[in-house]
Amino acid sequence: MKKFWFLFYYELISSNVQSGNILNIVIFYVSLLALFPLGIGNALHIISTINTSILVIMIVFTVILQLEGFFDKERASGNLKQYPFLTAQYNFKWILLIRAFYKAARLLFGLILAMPIGCILLNVNLSYYLPIILVLIPVVPSMLFLGLIGSSLLVGFTQKSTFLMLLLFPLFVPLLIFTISYLTNSATTYFELLILYSIFIVLSMIFPYICNTTLKSLT
């Protein structure tokens, strides 16, 4: 337990100087959602049929924004090599896990703050707010974990953003399907939610090993 809190504290201090703060997440997500009512105008019946899908799909772009140059910036700034006093005592997979969970927590908190505004913009009943939060808890970290795996595989690529989107969108499709299905069914069935939480647990266990393997040459 001491190891966990020590690494979490170290990540808290080191991440405060990095980009991707909560306000940026809120502004970016709300800006994406605002494009739809502005573009469609008074055709509210169109938005009402796809509003929950829009809320979910725009999360993908918000997650990808947080992944932009993640490991490239780490390598350029030397952050991947600034743990000699930690890696001598702790496994690098622990460090990756703490960093990912901290980043996922910031991203999740930003989306939770932005979601009421998004519901108002897209005319989503606020009674959906709690089901949306329940589904965001596993989906956002799962997307981030998949994104970190893809980002670690593409370190050094010149057109990394394009390749990253091409790599991640097929991986995000199952998450999107189960999430949208859960919300469109008015959150009356927990089958999709159970699958999403299962995916989250599995990814949280395997992604540090995959990233550790791909980044071993950089550390």
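Please read every residue number as a count from 1 along the shown chain.
A Cβ is built for glycine as well, from the same backbone N, Cα and C atoms used for every other residue.
The feature transmembrane segment is assigned by TrEMBL to 21-40, 46-65, 107-126, 132-156, 163-184, 190-211.
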Range from 21-40, 46-65, 107-126, 190-211 with most C-beta pairs under 8 A to the transmembrane segment (132-156): 190-211
Dominant neighbour of the transmembrane segment (21-40) in 46-65, 107-126, 163-184, by Cβ pairs under 8 Å: 107-126
Does the transmembrane segment (46-65) reach the transmembrane segment (163-184), going by 3 or more CB pairs under 8 Å (6 or more apart in sequence)? yes
